[in-house]
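Here's the structure we're looking at; comments come further down.
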């Protein structure tokens with residue numbers, strides 16, 4: 001909850017769709033993409049955009065972008081502008097680099113030597129400053145402050161070995177990966193295909209789904225359904241609402257070509273010798289929707305295991321367990337079950353107080369939490385509460401909640417946090433306050449319970465979080481071939497023979513790559 005209130009947020013979500021079969025298609029591609037972006041709304045609420053194409057040899061790109069939520073940006077009239085399309089990509093954005101302005105809305109479209117490309121990007125380049133200087137030195141102008149535009153221009157820039165008459169997009173993407181090791185998941189649309197790309201460290205998520213007939217959606221045993229199209233998304237949670245089945249993840253370093261005919265791996269780029277995969281562990285903790293799948297496990301299940309581990313590490317004598325609505329609910333339920341305590345709601349959330357609620361005067365500022373939460377005091381008067389939260393960032397939000405509960409009759413309030421203390425900024429696509437703003441780096445952290453007004457405060461350990469995440473991952477036997485990940489076809493797509501790894505830089509200060517300034 002506190003992550004949401006205090007500006008720790010995912011940068012964006014990407015979504016693409018391509019129709020199978022005969023073109024022009026009967027599939028309503030713009031609506032499919034819009035619904036996909038609605039499913040990714042939690043990943044970005046500042047702006048949204050869609051670019052579609054007819055997929056011809058000289059394609060017509062149609063674009064609509066705007067500030068605000070997906071449903072506000074894409075009205076029926078706006079969607080009509082995107083019709084007669086067979087494929088397209090979309091984007092919903094939060095800003096980590098680049099201002100919150102219309103010019104920074106994605107997808108970006110540029111003209112290249114071989115026609116237009118459209119690019120949607122989730123992540124943040126760790127060496128953006130150096131790449132910006134390099135592009136400017138080569139005479140390539142940049143019209144925005146977004147590092148995503150730099151990716152687009154790097155892709156448009158012809159590699160020295162490429163012949164003028166034959167675009168080699170794999171070479172261009174590999175050149176990008178050489179220039180920028182992390183962090184990005186990309187959708188690149190050119191003519192009649194979409195390229196889905198994940199950086200070699202796999203820091204940002206990306207997965208593929210298969211559009212099937214509506215009549216077959218609920219028949220999970222039917223494996224030979226007609227394929228009406230392919231979709232690719234930051235998270236699998238967006239698939240169900242559009243009638244798609246989860247197919248597989250895009251692997252770290254993988255370049256996938258998605259066409260009207262099939263999905264095929266063009267290449268998999270390895271990391272520097274000895275460097276592990278570094279998937280962002282906070283996708284599990286907070287950013288992803290609980291019904292999404294990463295590494296063959298549901299996010300909700302991981303959060304539940306975190307709650308169980310928290311109960312093992314930090315039990316306390318109490319009467320009930322509750323949560324600050326609502327991202328920590330799985331962890332709170334698990335904590336309660338493990339400790340043999342009842343789970344009871346103590347707060348109800350006012351869902352119509354938005355994230356950007358304006359507090360125009362001191363009285364409203366002082367009311368603070370009371371505007372956002374109602375108190376279910378009959379559930380906890382005279383009782384000892386264990387309140388489970390997903391994080392404590394600055395401490396500005398949880399402290400008023402503790403005060404509110406105690407003033408409403410709670411005998412004790414014990415805080416249990418289902419993730420470790422955040423001590424370091426992220427430079428790979430997550431907007432985290434400066435190191436000095438984080439409560440874990442302040443003198444008050446040594447007596448945090450007293451500072452917050454709680455009876456006790458305990459975080460989940462880093463080891464506990466990592467074990468909770470990795471417990472459910474079905475490791476395959478690792479095989480190597482020239483340092484690349486070996487893949488093979490199976491019934492559900494591709495099978496990866498590599499042990500997973502996770503980035504914990506915001507918790508430990510150990511970044512997967514050397515940072516450049």
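A Cβ is built for glycine as well, from the same backbone N, Cα and C atoms used for every other residue.
The N-acetylmethionine annotation in Swiss-Prot covers 1, and the record cites a large-scale study or a structure entry as its basis.
Annotation source Swiss-Prot lists active site, nucleophile at 12, citing sequence analysis. Long-range Cβ neighbours of residue 12 (active site, nucleophile) (same chain, at least 6 residues apart, Cβ-Cβ under 8 Å): 43, 44, 91, 92, 93, 94, 106, 121, 122, 234.
The domain 'Glutamine amidotransferase type-2' annotation in Swiss-Prot covers 12-261.
The [4Fe-4S] cluster binding site annotation in Swiss-Prot covers 280, 426, 503, 506 and rests on similarity to another entry. Cβ contacts within 10 Å of residue 280 ([4Fe-4S] cluster binding site), excluding its own Cβ and spanning all protein chains shown: 28.
Marked as Mg(2+) binding site by Swiss-Prot on the basis of similarity to another entry: 327, 389, 390. Cβ neighbour count for residue 390 (Mg(2+) binding site): 26 (other Cβ atoms within 10 Å of its Cβ, all protein chains included).
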To the nearest Å, how far is the Cα of residue 506 ([4Fe-4S] cluster binding site) from the Cα of residue 327 (Mg(2+) binding site)?
19
Pairwise CA distance, residue 327 (Mg(2+) binding site) versus residue 503 ([4Fe-4S] cluster binding site), rounded so that it is a whole Å:
21
Averaged over the domain 'Glutamine amidotransferase type-2' (12-261), what pLDDT does the predicted model reach?
91
